[in-house]
Amino acid sequence: MSQLLVAKVLCMVGVFFFMLLGSLLPVKVIEADFEKAHRSKKVLSLCNTFGGGVFLATCFNALLPAVRDKLQQVLSLGHISTDYPLAETLMMVGFFLTVFVEQLVLTFRRERPPFIDLETFNAGSDAGSDSEYESPFVGVGGRNHGLYPEPTAHSHGTGLRLRELGRPGPLRLLSLVFALSAHSVFEGLALGLQEEGERVVSLFVGVAVHETLVAVALGISMARSAVPLRDAAKLAVTVSAMIPVGIGLGLGIESARSVASSVASALLQGLAGGTFLFVTFLEILAKELEERSEQLLKVLFLVLGYAVLAGMVFLKW
């Protein structure tokens, strides 16, 4: 078994357990404590911004060069030469496809939240308000007993209503898994399709940071919404398996070693790059940098995240 294959298998196992622990630990240990939630939100917000910097470097320093190299190999097989920026165009197609899928899912769910983000800690606060913690996690007076109160005319919060997810029904569960994991499969594909060890390591760090934070946000949401542990475990296992599934698909495509597999690899890596763009700019930076608290510190963590991954690519781990 080659070292590259071993690295990818370890990535599959690592991401799965990071996400599983991140989503289940809050269900077990977090109580409905406002001050604890306040502190957790600030720490995770900084980690999320650091993850945004990691994803920037992953996208532009690791994944984009890989897509260019793969496309060049495919074009050389057909003796085709062009100066058109095919890699960049493919990534933008992936970006628009991810936006379309997200909006399609949310349209059918008749809701307006993003897939999952740290606004789960801030549901119900007015957009751009000075305080990120104006609305409590648990409603007062018995009306709103979950993390997410009913929306009002003056409420701009967009948290994911995980209270409904504990109810039985395969269609509801399928809708949830698709909403949370559509882009996770493409992140896994990007890992599985890589042919160089240092790019696998760079992508793994970026994916692990982001998806672990996603899992923690999901776990805290389930804890606040009193989702039963058994249902939370089923949900956590299902969501955590999405990136390993993507890695496995990528491994299968890459191992075929044919012209068709090379074309598929180039196309899928380009589309996966668009998913990374979506996560970086619309899920992380757009939401973290619009808040008025700790803005300069968040910029510092953004630069640090980028520098760490850019340095790893430069040193060719």
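Glycine is treated like the rest: Cβ placed from N, Cα and C.
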- Query: Per Swiss-Prot, does L229 fall on the same side of the membrane as R292?
  - Reply: yes
- Swiss-Prot annotates one residue of S40, S129, S293 as phosphoserine; which residue is it? S129
- Message: Just to confirm what the record says: which one of S45, S81, S125 has phosphoserine annotated in Swiss-Prot?
- Response: S125
- Message: Restricting to CB pairs under 8 Å, which listed stretch, 4-24, 200-220, 233-253, 266-286, is in contact most with the transmembrane segment (43-63)?
- Response: 200-220
- So, by DSSP, how many helix, strand and coil residues make up the topological domain 'Extracellular' (64-85)? 14 helix, 0 strand, 8 coil
- Message: Cβ under 8 Å, sequence separation of at least 6 from the ends of the transmembrane segment (266-286): give me the contacting residues as numbers and ranges.
- Response: 48-49, 51-52, 55-56, 58-59, 63-64, 66-67, 70-71, 73-74, 86-87, 89-99, 102, 114-115, 117, 183, 186-187, 189-190, 193, 206, 210, 250, 253, 302
- Note on the structure: For the topological domain 'Cytoplasmic' (221-232), the averaged pLDDT of the predicted model is 71
- Looking at 4-24, 200-220, 295-315, which one has the highest count of Cβ pairs under 8 angstroms to the transmembrane segment (233-253)? 4-24
- Can you tell me how the residues of the topological domain 'Extracellular' (194-199) break down into helix, strand and coil by DSSP? 3 helix, 0 strand, 3 coil
